[in-house]
Amino acid sequence: MIKYFGTDGIRGVVGKTPITADFFFKLGAVIGKILYFYDVKKIIIGRDTRLSSYMLEEALQFGLSLVGVSVISVGVLPTPAISYFTKLFNLEVGVVISASHNQFRDNGIKFFVKNGVKLSAKFERRIEKQLNKTIILKQFVDLGHISYKRALQQKYINFCISTLPNNFRLNNFKIVLDCANGSTYELAPIIFRELGANVVLMSAAPNGLNINDKCGTTDLQEIQRLVLSEKADLGISFDGDGDRVIMIDHFGNSVNGDQILYILAKNYKKNKKLRGGVVGTKMSNGGLSLALSKIGIPFITVNIGDRYIFKKLKEKQWRLGAESSGHVILLDYAPVGDGIITSLQILKIIFDENSTLKSLCSDIHMLPQIIINIKNNIDISFLKNFKIQSVLSKYKDFLGKYSRIMLRLSGTEKCIRIMIEGCCSKKINIFSKMLINVINSVKKSRFSIITMF
């Protein structure tokens, strides 16, 4: 059976299966038939600013309407807004067409079910099973209809602001806002300006091709430069669909999801709002675990993907979880990552404590970490080669205390990720070069290297 779903929905290159109009039509028909069986006849669809998103939405709508399911099309909105409206309108399903932090060549789709939570892996497998069959479409007497609601922005703006105290203001606080030329490009500036902030706006002019292009949470150079040149108090960078956020302190240092989770957890504990502990993933920096341990906050890691964080939070009845990449779940407000709400909560802590983002991060010391991406490769089996395994087996001896290595297939891109972490950045650099050389000797590969800390 062909597997279509990754860690966050379906994703791929536009024009190649599964990111084609034909596939999205079939996907719409498959989902529609399943929903119709359960007497679900209406869903909500939003999208990001990619050129291909409109075409894919039209194809999906056609498949859905053909089997009797009606669609509320809300246009360009952040992913967490679709989660919010799925719950607000008491709908069974919400859909977002987006490839999140990927560039315009990619696109994808993700789903929410009742109460705005991500679709379960079990339901994804059910959809995949049907997609692997030949679809027979009978003539439906009642076709679904499509309605367009483009005036929902203010409702979501009001919701985001409602997560703050009534008298909260950001007067004269200078913020560089990077909207990644994506789904937050209209909403985010309105929200921060309405709160009184002095907003320096970047990457808020989408043209369908520039989403996440030298901007957004995976490319921070420009926002870091602007924070310094504008003498801003901090920077806030969203990804293309607004469910991730990375922040920049006034010295130009990035503050990722692990550090944001630490700031929130420490504040929650101080204010007696913390229920139990917090949840991260297997990619969470070891420095987070050490810092949380020092202040007595339990920490559990789960598989990559914010839905696994949500599942563990519900199981433990905890409230906070995050991925290093900037997906931060605050269950008091939303069941998914919401970049705007997360950044607002951090700003509230800064003002409550009369502090700075830099100071709030001062007692979490991130371990040096490098991520090696082996590009255009989804066959992880070659890493079992004895030469590669010989190098990997020596990492503990070479890197020392607190060191670890993780190898995994990316759930959002066509690549293999290798994370190397330890106490000494020099040793990690040396070891990563050794590993790249031996991998290349076994199989010629293209690499990208990200130095995290």
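Glycine too: its Cβ is placed from the backbone N, Cα and C atoms.
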*Write down the one residue from SER100, SER381, SER390 that Swiss-Prot lists together with ASP239, ASP241, ASP243 as binding Mg(2+).*
SER100
*Taking the centroid of the Cβ atoms of SER100, ASP239, ASP241, ASP243 (Mg(2+) site), which other same-chain residues have Cβ within 8 Å of it?*
ASP48, PRO78, THR79, SER98, HIS101, GLY182, SER183, PHE238, GLY240, GLY242, ARG244, GLY337, GLY339
*If you skip the near sequence neighbours and keep only those at least six away, which residues in the chain come within under 8 angstroms of SER100 (active site, phosphoserine intermediate), Cβ to Cβ?*
ASP8, ARG11, THR79, GLY108, ASP239, GLY240, ASP241, ASP243, ARG244, THR412
